[in-house]
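Here is the structure we will look at.
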Amino acid sequence: MEQLKVEVDPKQGGDLPSIYTLQFEELEMWLKEQGEPKFRATQIFEWLYEKRVKQFQEMTNLSKDLRAKLEKHFNLTTLKTVTKQQSSDGTIKFLFELHDGYSIETVVMRHNYGNSVCVTTQVGCRLGCTFCASTLGGLKRNLEAGEIVAQVVEAQRAMDEQGERVGSIVVMGIGEPFDNYQALMPFLKTVNHDKGLNIGARHITVSTSGVVPKIYQFADEGLQINFAISLHAPNTELRSKLMPVNRAWPLPKLMDAIRYYIDKTGRRVTFEYGLFGGENDQVEHAEELADLIKDIKCHVNLIPVNYVPERDYVRTPRDQIFAFERTLKERGVNVTIRREQGHDIDAACGQLRAKERKEETR
């Protein structure tokens, strides 16, 4: 095993690092440095991820001395809930405040097969997708791994109140996950760890807008995690208009990276395709999309987009959505239409955060 060096700066207050940032092996090493036995790591992880305590003093099978050390070195209240909204369909949306005053969003979605949580990886986003509220205001900073993990913990606490559990995770919230790769990978390892949140790899999905170098790196990780690509256009010209990231890594380079991922992992990918009225939702676009992906092991997820007041795009009519789906199916494409959720609580990425920011500046 690669040796881990744990460097923890014992500051006070909000500057303390989140305990959720530590992977299991890192916690074991920190405990060793403190003169504590390694088995304490299992006990601490149980308190964090099974019992989901909010204070170190609740970890009653630890010595008072160890609890004091934990309080001195780590922060356990990583997120502060600003608002919690529940949609008529059961979707729950959180607006969390971070220690430095920035805010992020997390969404819990109810499905027939269980509950999933959509987590955020950045405060804002630099990629500037023209249809997305997440990019309003640009990128402020990356989240730490612990700030991403804490979103899942808070979501599970909300489910605890209703006697339910979070069964899957989608990394599709605010930000580009591959722009925060250094926090993404520790997050994935902790939520998948059998002593952590213990969510199976095939119940975790990571989505990217198309940061091509990181797709190759992610493929080489050898994970069994689900992989999705925000595609949204069937040709490079239209994609560059909708998604400026395509100017850095044009569609042909993206498709090459996706083929590498499939060859390396043996897993299929999901293409997320948002339908924007009059932009990318015509039958000819569906035909072009079918040609683009005809040799790729994939699934297409059509997304009737939520209206974003700050953007100009309009919703595609229902009959046009079904025509698009039918065209793909006729050409042998595995396709579904995503069920709308949270439409009445601003559940599109970044909308709640944007609304909060707007109210603060009035």
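Using the three backbone atoms N, Cα and C, a Cβ is placed for every residue, glycine included.
Annotated active site, proton acceptor per Swiss-Prot: Glu105, in sequence order.
Per Swiss-Prot, the feature active site, S-methylcysteine intermediate maps to Cys349; the stated evidence is sequence analysis.
Classification of Cys125 ([4Fe-4S] cluster binding site) by DSSP places it in coil, neither helical nor stranded. The Cβ neighbour count for Cys125 ([4Fe-4S] cluster binding site), using a 10 Å radius and every protein chain shown, is 25. What Swiss-Prot records for Cys125, Cys129, Cys132 is [4Fe-4S] cluster binding site, and it gives sequence analysis as the kind of evidence.
A coil conformation is recorded for His232 (S-adenosyl-L-methionine binding site) in the three-state DSSP classification, outside any helix or strand. Note on His232 (S-adenosyl-L-methionine binding site): other Cβ atoms within 10 Å of its Cβ, all shown chains, come to 26. Annotated S-adenosyl-L-methionine binding site per Swiss-Prot: Gly175, Glu176, Ser207, Ser230, Leu231, His232, Asn306, in sequence order.
The secondary structure of Cys118 (disulfide bond), as reduced to three states from DSSP, is extended strand. Taking Cβ-Cβ distances under 8 Å and a sequence gap of 6 or more within the same chain, the neighbours of Cys118 (disulfide bond) are Thr106, Val107, Val108, Met109, Ile169, Val170, Val171, Met172, Gly173. If you look up Swiss-Prot, you'll see Cys118-Cys349 marked as disulfide bond.
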Remark   = Cα of Glu176 (S-adenosyl-L-methionine binding site) to Cα of Cys129 ([4Fe-4S] cluster binding site), in Å and rounded, measures 11
Gly175 (S-adenosyl-L-methionine binding site) versus recorded positions Glu105, Cys125, Cys129 - nearest by Cα = Cys125
Ask   = Taking just the CA atoms, what is the gap between Asn306 (S-adenosyl-L-methionine binding site) and Cys125 ([4Fe-4S] cluster binding site) in Å?
value = 19
Remark   = For the binding-site residues Cys129, Cys132, Leu231, the largest set of other C-beta atoms within 10 Å encircles the C-beta of Leu231
